[in-house]
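Annotated features, as they stand in TrEMBL:
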type: TRANSMEM; residues: 74-93; note: transmembrane segment
type: TRANSMEM; residues: 100-118; note: transmembrane segment
type: TRANSMEM; residues: 138-163; note: transmembrane segment
type: TRANSMEM; residues: 175-195; note: transmembrane segment
type: TRANSMEM; residues: 201-217; note: transmembrane segment
type: TRANSMEM; residues: 229-246; note: transmembrane segment
Amino acid sequence: MSDLNQLFILFLVGIAAGFINVNAGGGSTLTLPMLILLGLDASVANGTNRIGILLQNLSAVSSFKREHYSRFKLSFKLALITLPGAIIGAFFSISISNKAFQIILALIMIGVIITMIIPKKTIEVSLNSDGEQSWKVYLAMFGIGFYGGFIQVGVGFLLMAALHHLMKVSLIHVNMHKVFIIFFYTIPALIIFILSDNVNWVLGISLAAGTMIGAWWGAKFSVKKGEKYIKAILIVAILIMVVKLLKIF
(Lines of atoms letter the chains of each structure in order from A and count residues from 1; the text may use other names and numbers.)
(Lines give C-alpha, C1' and ligand atoms only; values in the text may rest on other atoms or scores of the structure.)
Protein backbone atom coordinates (compact mmCIF):
# COMPACT_ATOMS: atom_id res chain seq x y z
CA MET A 1 0.00 0.00 0.00
CA SER A 2 1.39 3.44 -0.96
CA ASP A 3 2.08 6.13 1.62
CA LEU A 4 -0.64 8.33 0.10
CA ASN A 5 -3.21 5.54 0.42
CA GLN A 6 -2.22 5.02 4.07
CA LEU A 7 -2.70 8.71 4.81
CA PHE A 8 -6.09 8.71 3.10
CA ILE A 9 -7.26 5.58 4.96
CA LEU A 10 -6.16 7.02 8.31
CA PHE A 11 -7.86 10.32 7.52
CA LEU A 12 -11.15 8.48 6.83
CA VAL A 13 -10.77 6.29 9.92
CA GLY A 14 -10.09 9.45 11.91
CA ILE A 15 -13.33 11.02 10.68
CA ALA A 16 -15.26 7.89 11.68
CA ALA A 17 -13.53 7.73 15.07
CA GLY A 18 -14.18 11.39 15.83
CA PHE A 19 -17.84 11.07 14.91
CA ILE A 20 -18.21 7.87 16.96
CA ASN A 21 -16.52 9.40 20.00
CA VAL A 22 -19.08 12.21 20.06
CA ASN A 23 -22.11 9.99 19.50
CA ALA A 24 -21.28 6.68 21.18
CA GLY A 25 -17.66 6.53 22.37
CA GLY A 26 -14.89 4.05 21.60
CA GLY A 27 -13.24 5.69 18.59
CA SER A 28 -9.77 4.42 19.57
CA THR A 29 -11.02 0.88 19.03
CA LEU A 30 -10.77 1.78 15.33
CA THR A 31 -7.72 4.04 15.19
CA LEU A 32 -5.19 2.08 17.26
CA PRO A 33 -5.75 -1.32 15.59
CA MET A 34 -5.73 0.35 12.15
CA LEU A 35 -2.32 1.89 12.85
CA ILE A 36 -1.02 -1.56 13.83
CA LEU A 37 -2.59 -3.21 10.77
CA LEU A 38 -0.89 -0.61 8.56
CA GLY A 39 2.46 -1.89 9.79
CA LEU A 40 3.43 0.23 12.79
CA ASP A 41 4.93 -1.44 15.84
CA ALA A 42 2.45 -1.55 18.72
CA SER A 43 4.30 1.07 20.78
CA VAL A 44 4.64 3.43 17.78
CA ALA A 45 0.95 2.96 16.93
CA ASN A 46 0.06 3.69 20.55
CA GLY A 47 2.13 6.86 20.59
CA THR A 48 0.91 8.03 17.19
CA ASN A 49 -2.71 7.60 18.25
CA ARG A 50 -2.14 10.10 21.08
CA ILE A 51 -1.76 13.02 18.65
CA GLY A 52 -5.39 12.72 17.59
CA ILE A 53 -6.49 12.08 21.19
CA LEU A 54 -4.78 15.28 22.37
CA LEU A 55 -6.14 17.55 19.64
CA GLN A 56 -9.64 16.10 19.69
CA ASN A 57 -10.04 16.57 23.43
CA LEU A 58 -8.52 20.06 23.31
CA SER A 59 -11.20 20.95 20.77
CA ALA A 60 -13.89 19.41 22.99
CA VAL A 61 -12.69 21.31 26.09
CA SER A 62 -12.89 24.56 24.10
CA SER A 63 -16.39 23.69 22.90
CA PHE A 64 -17.63 23.02 26.43
CA LYS A 65 -16.15 26.33 27.59
CA ARG A 66 -17.91 28.20 24.79
CA GLU A 67 -21.19 26.56 25.83
CA HIS A 68 -20.52 27.64 29.45
CA TYR A 69 -20.19 24.04 30.67
CA SER A 70 -16.93 24.12 32.57
CA ARG A 71 -15.86 23.21 36.11
CA PHE A 72 -12.15 23.55 35.50
CA LYS A 73 -11.24 23.55 39.20
CA LEU A 74 -12.73 20.07 39.74
CA SER A 75 -11.62 18.84 36.31
CA PHE A 76 -8.05 19.91 37.08
CA LYS A 77 -8.17 18.25 40.52
CA LEU A 78 -9.35 14.94 39.03
CA ALA A 79 -6.87 15.19 36.15
CA LEU A 80 -3.95 15.70 38.55
CA ILE A 81 -4.78 12.40 40.25
CA THR A 82 -4.57 10.58 36.90
CA LEU A 83 -1.10 11.93 36.08
CA PRO A 84 1.09 9.50 38.08
CA GLY A 85 -0.90 6.54 36.75
CA ALA A 86 -0.73 7.84 33.16
CA ILE A 87 3.06 8.27 33.32
CA ILE A 88 3.55 4.77 34.75
CA GLY A 89 1.13 3.34 32.17
CA ALA A 90 2.94 5.00 29.25
CA PHE A 91 6.32 3.65 30.39
CA PHE A 92 4.79 0.19 30.80
CA SER A 93 3.30 0.37 27.30
CA ILE A 94 6.65 0.95 25.60
CA SER A 95 8.30 -1.84 27.60
CA ILE A 96 6.16 -4.82 26.52
CA SER A 97 6.44 -6.82 23.29
CA ASN A 98 4.35 -6.22 20.17
CA LYS A 99 2.70 -9.62 20.46
CA ALA A 100 1.74 -9.13 24.11
CA PHE A 101 0.35 -5.67 23.35
CA GLN A 102 -1.77 -6.93 20.44
CA ILE A 103 -3.23 -9.75 22.54
CA ILE A 104 -4.03 -7.35 25.39
CA LEU A 105 -5.55 -4.88 22.91
CA ALA A 106 -7.74 -7.57 21.33
CA LEU A 107 -9.02 -8.72 24.75
CA ILE A 108 -9.76 -5.13 25.78
CA MET A 109 -11.67 -4.55 22.55
CA ILE A 110 -13.82 -7.60 23.29
CA GLY A 111 -14.44 -6.11 26.74
CA VAL A 112 -15.48 -2.82 25.13
CA ILE A 113 -18.04 -4.67 23.00
CA ILE A 114 -19.50 -6.30 26.12
CA THR A 115 -19.83 -2.93 27.90
CA MET A 116 -21.58 -1.50 24.84
CA ILE A 117 -24.11 -4.35 24.78
CA ILE A 118 -24.96 -4.39 28.51
CA PRO A 119 -27.97 -2.14 29.26
CA LYS A 120 -27.14 0.97 31.27
CA LYS A 121 -28.96 1.60 34.55
CA THR A 122 -30.36 5.04 35.31
CA ILE A 123 -28.37 6.78 38.03
CA GLU A 124 -29.83 9.43 40.34
CA VAL A 125 -27.45 12.37 40.03
CA SER A 126 -26.22 14.48 42.93
CA LEU A 127 -27.79 17.90 43.49
CA ASN A 128 -24.26 19.23 43.92
CA SER A 129 -22.85 20.07 40.46
CA ASP A 130 -19.44 18.84 41.65
CA GLY A 131 -20.90 15.46 42.58
CA GLU A 132 -19.96 13.24 45.50
CA GLN A 133 -16.22 12.81 46.06
CA SER A 134 -14.63 10.01 48.06
CA TRP A 135 -11.46 7.90 48.24
CA LYS A 136 -13.08 5.51 45.75
CA VAL A 137 -13.17 8.29 43.16
CA TYR A 138 -9.50 9.17 43.71
CA LEU A 139 -8.43 5.52 43.53
CA ALA A 140 -10.47 5.10 40.34
CA MET A 141 -8.82 8.19 38.80
CA PHE A 142 -5.34 6.81 39.49
CA GLY A 143 -6.26 3.44 37.95
CA ILE A 144 -7.90 5.09 34.95
CA GLY A 145 -4.79 7.24 34.52
CA PHE A 146 -2.63 4.11 34.35
CA TYR A 147 -5.00 2.49 31.85
CA GLY A 148 -5.17 5.65 29.73
CA GLY A 149 -1.40 6.03 29.68
CA PHE A 150 -0.99 2.36 28.84
CA ILE A 151 -3.51 1.75 26.06
CA GLN A 152 -6.23 4.48 25.96
CA VAL A 153 -8.80 2.27 24.15
CA GLY A 154 -12.16 2.50 25.92
CA VAL A 155 -10.90 4.84 28.65
CA GLY A 156 -13.90 7.09 28.04
CA PHE A 157 -16.23 4.31 29.18
CA LEU A 158 -14.22 3.90 32.40
CA LEU A 159 -14.25 7.63 33.11
CA MET A 160 -17.97 7.84 32.47
CA ALA A 161 -18.57 4.94 34.86
CA ALA A 162 -16.41 6.49 37.59
CA LEU A 163 -17.83 10.00 37.28
CA HIS A 164 -21.46 9.01 36.78
CA HIS A 165 -21.72 6.02 39.11
CA LEU A 166 -19.27 6.99 41.87
CA MET A 167 -19.64 10.78 41.87
CA LYS A 168 -23.29 10.87 40.69
CA VAL A 169 -22.42 13.63 38.20
CA SER A 170 -24.91 14.42 35.41
CA LEU A 171 -23.98 13.07 31.98
CA ILE A 172 -23.28 16.46 30.43
CA HIS A 173 -20.83 17.24 33.25
CA VAL A 174 -19.40 13.72 32.94
CA ASN A 175 -18.44 14.45 29.32
CA MET A 176 -17.08 17.86 30.28
CA HIS A 177 -14.77 16.39 32.94
CA LYS A 178 -13.92 13.40 30.73
CA VAL A 179 -12.49 15.40 27.84
CA PHE A 180 -10.48 17.65 30.18
CA ILE A 181 -9.02 14.70 32.09
CA ILE A 182 -8.07 12.82 28.91
CA PHE A 183 -6.52 15.95 27.37
CA PHE A 184 -4.53 16.65 30.55
CA TYR A 185 -3.01 13.19 31.10
CA THR A 186 -2.36 12.72 27.37
CA ILE A 187 0.25 15.51 27.47
CA PRO A 188 2.85 13.65 29.61
CA ALA A 189 1.93 10.33 27.99
CA LEU A 190 2.58 11.76 24.51
CA ILE A 191 5.86 13.32 25.68
CA ILE A 192 7.03 9.89 26.89
CA PHE A 193 6.16 8.33 23.52
CA ILE A 194 7.93 11.19 21.68
CA LEU A 195 11.11 10.97 23.78
CA SER A 196 11.24 7.20 23.26
CA ASP A 197 10.85 7.71 19.48
CA ASN A 198 7.46 6.02 19.38
CA VAL A 199 5.50 8.54 17.29
CA ASN A 200 4.99 8.63 13.51
CA TRP A 201 4.18 12.30 12.97
CA VAL A 202 3.03 12.03 9.34
CA LEU A 203 0.47 9.32 10.04
CA GLY A 204 -0.47 10.90 13.36
CA ILE A 205 -1.25 14.31 11.87
CA SER A 206 -3.31 12.72 9.08
CA LEU A 207 -5.27 10.73 11.65
CA ALA A 208 -5.68 13.77 13.91
CA ALA A 209 -7.00 15.91 11.05
CA GLY A 210 -9.69 13.33 10.32
CA THR A 211 -10.51 12.90 14.00
CA MET A 212 -11.06 16.63 14.52
CA ILE A 213 -13.30 16.86 11.45
CA GLY A 214 -15.26 13.81 12.60
CA ALA A 215 -15.71 15.26 16.08
CA TRP A 216 -16.94 18.57 14.65
CA TRP A 217 -19.28 16.71 12.29
CA GLY A 218 -20.55 14.49 15.10
CA ALA A 219 -21.24 17.49 17.33
CA LYS A 220 -23.13 19.24 14.52
CA PHE A 221 -25.22 16.30 13.38
CA SER A 222 -25.45 14.23 16.58
CA VAL A 223 -28.82 12.47 16.90
CA LYS A 224 -29.58 10.24 19.85
CA LYS A 225 -31.95 8.03 17.85
CA GLY A 226 -29.06 6.99 15.66
CA GLU A 227 -26.80 5.95 18.53
CA LYS A 228 -27.83 2.28 18.46
CA TYR A 229 -27.01 2.04 14.75
CA ILE A 230 -23.63 3.69 15.28
CA LYS A 231 -22.88 1.23 18.08
CA ALA A 232 -23.90 -1.72 15.87
CA ILE A 233 -21.54 -0.59 13.10
CA LEU A 234 -18.77 -0.01 15.66
CA ILE A 235 -19.22 -3.49 17.16
CA VAL A 236 -18.88 -5.12 13.72
CA ALA A 237 -15.78 -3.03 12.95
CA ILE A 238 -14.21 -3.94 16.32
CA LEU A 239 -14.84 -7.65 15.75
CA ILE A 240 -13.10 -7.46 12.37
CA MET A 241 -10.11 -5.72 14.00
CA VAL A 242 -9.98 -8.35 16.78
CA VAL A 243 -9.92 -11.17 14.22
CA LYS A 244 -7.07 -9.44 12.36
CA LEU A 245 -5.06 -8.73 15.53
CA LEU A 246 -5.36 -12.30 16.81
CA LYS A 247 -4.68 -13.65 13.29
CA ILE A 248 -7.71 -15.96 13.55
CA PHE A 249 -8.14 -15.85 9.76
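Yeah, the Cβs are placed from backbone N, Cα and C, and that goes for glycine too.
With respect to Cβ pairs under 8 Å, the transmembrane segment (175-195) is most closely packed against 74-93, considering the stretches 74-93, 100-118, 138-163, 229-246.
Highest Cβ pair count under 8 Å relative to the transmembrane segment (229-246), across stretches 74-93, 100-118, 138-163: 100-118.
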